[in-house]
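Visitor: Here's a structure for you.
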Ligand code: S3P
């Protein structure tokens, strides 16, 4: 794992060298910065990084977009569930989920049970600005409208709200968000089942 790099953090971590006892799980909508914040947590605090989408792409040898177009969303969701099970059995680290991972009930229950789940939250407009240009199959490769994005967000918000904690990410650096998530993690570790 990478060593601690305090220069990239905007505040001094209170628990820089403690190893997590359970997974730290980042959930939220496309564009929330789950992967970027997970990378900052990994770099800054030496956590093992598990990125579900990256694992899927690596194992399948094709992009998420291609998986959706060639094999369909149901296939992707099965794969997502399988990879999640495998990650949960590994030593605790930070898990970057995909935007839909926490929506499925089975996944949600497992994540809530096996980790501290943090919802990375921002306004619909800010999420859209960050998500719209990337190659995301649910946004039809950038052709989807803001209204359809808002509909997905609205439908998913009740599920994201079930996370243990929420952190507002808009207008903040990944390092600042990572610092807050890390403090939250240690403030809660031991107080949950
Ligand atoms: C999805 C979000 C994507 C990826 C897949 C499905 C979703 O991840 O898992 O395209 O259902 O919202 P990001 O949230 O990292 O974009």
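In case you wondered, yes, glycine gets a Cβ from its N, Cα and C as well.
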Visitor: Of the candidates 77, 78, 172, which one does TrEMBL list alongside 31, 32, 33, 34, 35, 36, 136 as binding ATP?
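Guide: TrEMBL lists 31, 32, 33, 34, 35, 36, 136 binding ATP, and from 77, 78, 172 it also lists 172.
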Visitor: Going by the substrate site in TrEMBL, where 53, 77, 156 are listed, which of the candidates 93, 99, 171 is also part of it?
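Guide: When TrEMBL describes the substrate site, the candidate it includes is 99.
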Visitor: Please report how many Å separate the Cα atom of residue 36 (ATP binding site) from that of residue 77 (substrate binding site), as a whole number.
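Guide: Answer for this pair: 22 Å between alpha carbons.
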Visitor: Pull out the binding-site residues from the set 53, 77, 156 whose C-alpha sits within 10 Å of the C-alpha of residue 34 (ATP binding site).
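Guide: So the list is empty; none.
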Visitor: With every protein chain in view, how many other Cβ atoms are within 10 Å of the Cβ of residue 99 (substrate binding site)?
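Guide: A 10 Å sphere around the Cβ of residue 99 (substrate binding site) contains 22 other Cβ atoms.
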